[in-house]
Amino acid sequence: MSPSNCIFAAALLLCSTFACVAGDSECPLGWTFDASTTDCYLLTTELYSFDEAKQFCESVGGQMAYIDFTTKRDDYVVLTNGSFLQPWMGTRRNLTTGKFYNINGAYLSLSVWLKNEPSADGDCATLRGLQPAGLKATPCYKLQPAFCYQSPALCNGGNFGGLSVRKGSIKSPGFPVQYYNNLNCNYLITSPNNTYITISFDVFKIEEWYDSLTIFDGDSKNYSNYIGTVSSYNKESFETTSNKAFLVFKTDYRYTDIGWSLNWEAKTISTPITQTGSNGTMTSPNYPMNYDPYTEQIYNINVAYGFNINMTIDTFKTEQVHDYLAIYDGRIRNNQTLVAKLSGMQVAPWSFRSSGSAISMVFVSDGSLQYKGWQLTWTIC
């Protein structure tokens, strides 16, 4: 039987043995996804010796399935109990020590064997799927089905954004349906040159402590550039210092949740404009010509302690809603100090008197429409 026909026959047998679930689309053609182990499996009807089975699994992009803990044995029993013959497991006796080891080099626990096994009957192992279930020592030359596995493409990671893209969104695999266990997904966000990236979350629900989303500044998982780890209790916004952000989403083998949904946006790197003294004039970039798209310019007015600031906007023309000037009473910019978020064509004249010796402002524009912007004057009082 050719490998392609064997794969097809094996797929039919597996699907008759256990439910084929949505993850099938993430497995190669002819393989079947199992949600319990979050892996793709192939059980052949063609018979092989142990070495031939190992070679077959590798030839179709996988490896022999092996048991590294008791719960996986129980999962494999369910997956293979429809087979008339016991399939090979990726387990072999070390002829020097006399002990059985998995093909990954790990020692095999005695709890996964049948009673009175492993015996001296063979140096390889097959899995009995019928009760009582467990591993049985089997001569390596015997002909048995191959049982292969490989990791599915459950991650939706990859490259996001680009040098001409300024914002986007990313969701955890399957969101808002629950993500799978045993994930290790990487996401690289790139924004235009001379920008940095802000990341905020609409939804964040994962298994606390054991599943994690970690954010790095740059294009790789480098802990010297670690920004933070998101949690259900820490969903604040995150910022990079460069035009790249690298995210790692890892899950363990226990519980899952609906996952997360984030928005990212590129912000232009610009030097804050600061004025001191007793009076001055400030304008939007390029004024009286049109300001640039994708502007984010910070302005600070700082005067001597004990004085206040009177500020008057004489001219103001921006795109409604999307381009705006946010004004803060003091040096700190947050929702508590926000005085006004001015936008549109009907703002001027507009005046404000600070409660202290500082005013901070941020002018933001998007990429659609640009106008002449604004001009203001200020003086101490």
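Note that Cβ sites are derived from N, Cα and C of the backbone, with glycine treated the same way.
Keep in mind that TrEMBL annotations are predicted by a computer and have not been checked by a curator.
As written in TrEMBL, here are the features:
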- 1-23: signal peptide (SIGNAL)
- 36-149: domain 'C-type lectin' (DOMAIN)
- 155-267: domain 'CUB' (DOMAIN)
- 269-381: domain 'CUB' (DOMAIN)
Next on the checklist: Within the domain 'CUB' (155-267), what mean pLDDT does the predicted structure show?
Outcome noted: 91
Next on the checklist: I'd like the per-state residue tally for the domain 'C-type lectin' (36-149) from DSSP, helix first, then strand, then coil.
Outcome noted: 24 helix, 39 strand, 51 coil
